[in-house]
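Engineer: Sharing a structure, written as structure tokens. Questions coming.
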Amino acid sequence: MLRVLMILVPLALSIYAFIDCITTQEKDVRHIPKPLWAILILLFPLVGSISWLIVGRDRASASGRIGGGGARRSGGGWVAPDDNPDFLKSLEDERKKDGDSRDEDRDGDKKDDPKD
């Protein structure tokens with residue numbers, strides 16, 4: 001089990017660091033250019049990954065990224081469906097439309113029923 005962890009932890013760290021490197025904006029990269037950081041992470045996975053996480057990117061900008069721990073941003077972006085008035089209106093319209101079609105089906109069934 002320990003042997004597996006000794007392989008998986010550095011692998012996961014290098015994958016995380018590489019994806020973080022390629023998704024970081026160019027203006028947030030420090031010391032060396034972004035392509036060189038990516039090559040460093042790929043050639044020297046453990047050393048490159050740790051150095052990227054420690055000195056490679058600007059920490060002040062990391063809080064504004066998706067999933068960052070900074071303050072909640074206002075303005076545009078995704079809203080949960082139950083908070084979106086357009087979505088709620090479309091649900092209400094669908095419900096009314098479905099209700100109307102069900103009423104028509106019931107009325108149609110009663111007219112065709114020979115027992116009445």
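Numbering starts at 1 and runs along the chain as displayed.
The backbone N, Cα and C atoms fix where each Cβ goes, glycine too.
TrEMBL entries are annotated by machine, without manual review.
Copied straight from TrEMBL:
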- 12-57: domain 'Cardiolipin synthase N-terminal' (DOMAIN)
- 35-55: transmembrane segment (TRANSMEM)
- 61-116: region 'Disordered' (REGION)
- 65-78: compositional bias 'Gly residues' (COMPBIAS)
- 89-116: compositional bias 'Basic and acidic residues' (COMPBIAS)
Engineer: Residue list, the transmembrane segment (35-55) vs rest of chain: Cβ under 8 Å, 6 or more residues beyond ends.
Structural biologist: 10-11, 13-14, 16-18, 20-22, 29
Engineer: Write out how many residues of the domain 'Cardiolipin synthase N-terminal' (12-57) are helix, how many strand and how many coil, based on DSSP.
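Structural biologist: Counting residues per DSSP class in the domain 'Cardiolipin synthase N-terminal' (12-57), I get 37 helix, 2 strand, 7 coil.
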